[in-house]
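Here's the structure we're looking at; comments come further down.
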Amino acid sequence: MFFILIFVTCLLGTVSTNRLFLGTFDPWEKWYGSFSESERIKMVDMIRQMFGFAYDNYMRWAMPFDELDPLNCRGRGPDYADRKNININDVLGDYSLTLVDSLTTLAVMGNVTEFRRAVGLVLEHVNFNKDNTVQVFEANIRVIGALLSAHLIIVDQNALLGDFRIAGYNDELLSLAHDLANRLMSAFEETNTGIPHPRVNLMHGIPFDTVNETCVAGAGTLLVEFGVLSRLLNDPTFENAARRVNEVLWKSRNCRTGLLGNVIDIQTGEWVVTTSGLGAGMDSFYEYLLKGYLLFGQESDFEMFTIFYSTIKQHMRKGRKYCNYGSENHPLYVNVFMNDGSVSYRWIDSLQASFPAVQVLYGDLEEAICMHALYYTIWRKYNALPERFNWHYKVAEIAFYPLRPEFIESTYFLYLATKNPFYLHVGKEVAESLEKYTKTKCGYATIHDVADKSLEDRMESFFLSETIKYLYLLFDVDNPVNRRGDQFLFTTEGHLFPLSAEIRFSDIEVRVPESSIYGHCVEGELAVCQRGDLSPDGVADGDQSAMDPFRLLSCPSRALFRRHILPLRSVYLQSLHDSLDVEYPFS
């Protein structure tokens, strides 16, 4: 997974990577150019304490409920009084969600004793025979992903993270994941397209009041967890269902632009919402095409990602051509209409902040640097990341921040790729903001409004499974995950899967596209593409260079640290601060 990261890291040689850039008169370079070892160690301890405070309070006040209410110090489960409250009920299924989602963070932090105790509590308290309706997407990434990851950590003969073996363990976590996946498979029933219903009742299957609309990410973020489960069970059912969804979505792209919409009708295959973007409703679909390829090695996954990425850059990317050269506006990926690529909405959302991590994995490092820098400047404006930010009026459009991990995830991956101390400073700012503005008497709370820092009484499970985990790994340079980075892959919920031969070279018969992915789709059935209308990169036919995935990259010709001190040159970093009316970090 980290083949690009390893290459870039090797270019840095033996220089002390946290003190590369001393001796400069540029105030931006002076501010960000070094990060002391003592400060790094201090941050490791601080973030470990943050996790302990949040986790211990969940265990004290909320367990076995799904979440902790950090203002009132009590547990939260499904909203049985209002079954239509999908903001709560899509996520909370009465299965000790925060405990389950925290298992891999306990392992990453090396807490063997508590990990083993937590597994025992999961086996004691968690079952899925509940009359609760949950979202397929959330149950998959948070619960199945966590159970599979913890199972693989326990049975790992190589002890990549350490010795987490449990006496008498008999694949119970795998069995739980299998049970939940079987229940989620009912979402694939009574659908004409093969795209699943967005929700299932864990006891009864498809809800009587089901809707026939789902977003691309909701349907297309199954491949990693379902694929690993299939290969561990030697049963292709789950992976093939996920691959069928991806194939249908691929064939449903617009012929003129190559873009997908956001929401699709699972019965007719018609697009209900035709806006295309990189944020909510679409983000993790693209992520899982690339990560599916890295895990399983199926070429069609990589080809689809490469072509989609080309169309994304062609239609969504605005601003100057190069990240670190030119005088035009800072590069920005905007929401567009799938039919013609015209701008649809003048906002970007916080989920889009994870895409730089995907760009790092793909090798488009300069683009990742540029996209991340924009979100960093927005963070500095509010000391948090609003759910939506209007880039035209330069204000928060939806102002709450539920402790999301996407921005710090990209910060972590960019540090792995560059070893630039700039990203340690970013991580320190994030951690200090969380500690200052979101810490309560018994946890960390959602920010209701980033402007006044008012709080909501909710601490979602991803705060422990992702936000804290990525912060911790950013500073814990000797962590086994960082020392063996080429042997792990993160799910979209921050759970770890090994890049192992057992998973990659399974004997199960998995679905492959019926023909070349460049083949035609049937007009009027599901898709709008016809062979000859759209070349593999979404431009005119006959351009053979489109077959080269690396032509899409904005890679530097020399190692980044040899060209300029900061990942984004100080002139552009200052320009971002000026354009968004953000104070400089130094006086």
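From the backbone N, Cα and C atoms, a Cβ is placed for every residue, glycine too.
Marked as active site, proton donor by TrEMBL: E138 (among others). All protein chains considered, the CB of E138 (active site, proton donor) has 21 other CB atoms within 10 Å.
For D283 (among others), the entry in TrEMBL reads active site. Neighbour count (other Cβ atoms within 10 Å of the Cβ, all protein chains): 23 for D283 (active site). In the three-state DSSP scheme, D283 (active site) falls into the helix class.
The feature active site, proton donor is assigned by TrEMBL to E387 (among others). Around the Cβ of E387 (active site, proton donor), the number of neighbouring Cβ atoms within 10 Å comes to 20. Secondary structure at E387 (active site, proton donor), as computed by DSSP, is coil.
The Cβ neighbour count for E406 (active site), using a 10 Å radius over every protein chain in view, is 25. TrEMBL lists E406 (among others) with the feature active site.
The Ca(2+) binding site annotation in TrEMBL covers T492. All protein chains shown were included, and the count of other CB atoms within 10 Å of the CB of T492 (Ca(2+) binding site) stands at 28.
Under the heading signal peptide, TrEMBL lists 1-17.
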Inter-residue Cα distance where the pair is D283 (active site) and E387 (active site, proton donor), in Å: 14
Rounded Cα separation (Å) that holds between T492 (Ca(2+) binding site) and D283 (active site): 10
Alpha-carbon spacing, E138 (active site, proton donor) to E406 (active site), which is rounded to whole Å: 16
Reduced DSSP assignment, E138 (active site, proton donor): helix
Euclidean distance between Cα atoms of D283 (active site) and E406 (active site), Å: 11
